[in-house]
Amino acid sequence: MPLRAKVATSVSKTAAALSRAAGRGDGSVIGGWIGLKIDPELLNHLAGGRAIALISGTNGKTTTTRLATAALEVMGRVATNSFGANMPTGHTSALAKAGSTPFAVLEVDEHYLARVIDATEPRVVALLNLSRDQLDRAKEVSMMAQMWREALANHPDVRVVANADDPMVVWAAEGSGHVTWFSAGQRWHDDSFVCPQSGHPIERANGDWWCTGCPLRRPQAQWRVEDEGVVDPRGDWHLVKLQLPGTVNLGNAATALAVAAEFGVRPIEALPRLTNVASVAGRYAQVDRDGRNVRLLLAKNPASWLEAFDMAEQAPTLLSVNARDPDGLDTSWLYDVDFSPLRDRPVLITGDRAYDLAVRLEVNGVPFRHVRTFDEAIQLVPAGRLEVIANYTAFQDIRAELDRVL
Amino acid sequence: MSSESTLRIVWIYPDLLSTYGDRGNMLILARRAAMRNIPVEAYEIRSDQPMPSSADIYLIGGGEDGPQALAAQRLIADGGLHRAVNQGAAVLAICAGYQLFGHSFFAKGTKCPGLGLLDLHSDRGETRAVGELRGDIDPRLGLPPLTGFENHGGRTHLGPGVSPLARVTAGIGNDSQTEGAWHGKILGSYSHGPALARNPAIADLLLRWAIGADSLAPVDDTWADRLRGERLAAAGA
């Protein structure tokens, strides 16, 4: 490593430690920011000598990164950005902090994927899904797919692990030389009614899909979820025991196994390590309070709300919605989410924008009760499980109320 | 499409113009009709399907430049919507859908012909209008203040053949002075996405126009009123 990069690494680690010591944050961004100021090529230098997997997509990347890291640890030490700091500053901090490791698994914000591929020359890139995020618009989904497609075309040696169920992802990945397809399902279809290649409608039936105007269609998946397990490319079925809830996380586990396989890790070696993963950056964490077992689920965009309904048990459910800057100021996305899966559960609502949610639930025919605080919700539900589904800052608020440092 | 007593609602081209929860307007209209025991059929007409001309209420939503231009082309070529409007159908047109009801609009830097069903034209503003929108609705419509969220780069200039839907008291709307437009039974607004969630009185106006009633049975709007109160206050003085 050049001297400039060594100095930058050292200063970066010091800044991260100072930030943590001062209680200003977990140091996952500031260290990288300072390091990159000193040496703009620092991420390239820190990536050198490591076998790296990048994980990107709109939803599930933090969890999949955590699971793939656990799987790769079979082989040795793995650097990772486990706090979800998924831009180059976060990658720089994570690699600087980890010191020398043979492997790294990095979660990458979908907007930065091209840059991070250039900087880190990864062995594997995993593409999970693309759908509208709160602040984004539908058109940006196909623009993002186009950016991914170009980034991969510039790196034909990268091995791609991609979701066969998402037309946007398939189009982004299909030009690449080495693609391993996985099937993790796609619950959200609203951003891929129209083929990104031809502009014609996409038809769907029985889990299959195809463009009505060009040859783009669902490729055969080598890895897929079946019952409570995952089928590998040889056709062997493996039972997957996870502490993380829902079929969505089975799909994330299938992706993690496919990524690990590119490094030579066999499912049978990786599976016990996936079972050990209990929570991911506070998500899915369970907290006991006054005899209630509270589970926290983060839902940050329409697709992830649908996934959260799938993960949650048939138990009393608290929904909390804010519309602060990180959430997006606009709540109209509430009408892109079908809340009807909650009709059979006792539903409580709270958050800055509880009234928007109230009107939405009325229209959706979902009975609910409004509470002012999280504590009020706790008092209203019987002993047992309380599922909490919240968007970004509402999730942070509830975590703070639970007074839990994760 | 079906019997005369059924209220027929068409959502125009959800495959092209459905950027921000536009489905909400259809759901809200259908629910408010059902609460008055008015039988409803709702149709989503994709851009590769012919546009029926016999429905009672037409909804068109917001979207990006490309889909907006494509929607205008297809609606002009199809002609079904023009026939429906000439037969007296009610329309709620939002954002991009509102612009394309005029004589012309700008998409991807190009001036595009609109449907010409509202006497207005739209161009680009210097800044994007994003945030809470509030206005006093034309008193002839007899409605409480408009509240909405706007997110658009366009500015709209009204001709003598339409009236402003509202006088702006917060936000931008057409040009910081007026917001939206109306003529006959056509309403256009920059209050984007599920505009009717915050403005149930507009939903009821469309229903009254469609069934030719002077009034409708009142419904419980406790939550909508709370939401309105909160958002009208949030828009500032």
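Counting begins at 1 with the first residue displayed.
Note that Cβ sites are derived from N, Cα and C of the backbone, with glycine treated the same way.
Features as listed in TrEMBL:
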{"type": "ACT_SITE", "residues": "B:CYS95", "note": "active site, nucleophile"}
{"type": "ACT_SITE", "residues": "B:HIS192", "note": "active site"}
{"type": "BINDING", "residues": "B:ARG128", "note": "substrate binding site"}
{"type": "DOMAIN", "residues": "B:8-199", "note": "domain 'CobB/CobQ-like glutamine amidotransferase'"}
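In three-state terms derived from DSSP, the residue listed as 'active site' belongs to neither a helical nor a strand segment and is classed as coil. Contact with chain A, taken as any Cβ pair under 8 Å, is found for the recorded positions B:HIS192 out of B:CYS95, B:ARG128, B:HIS192. For the recorded positions B:ARG128, B:HIS192, counting C-beta atoms within 10 A of each C-beta gives the highest total at B:HIS192.
According to its DSSP assignment, B:CYS95 (active site, nucleophile) is coil. Taking all protein chains in view, 27 other C-beta atoms sit within 10 angstroms of the C-beta of B:CYS95 (active site, nucleophile). Straight-line distance linking the Cα atoms of B:CYS95 (active site, nucleophile) and B:HIS192 (active site), rounded to a whole number, equals 6 Å. If you measure from the Cα atom of B:ARG128 (substrate binding site) to that of B:HIS192 (active site), you get 14 Å. A strand conformation is recorded for B:ARG128 (substrate binding site) in the three-state DSSP classification.
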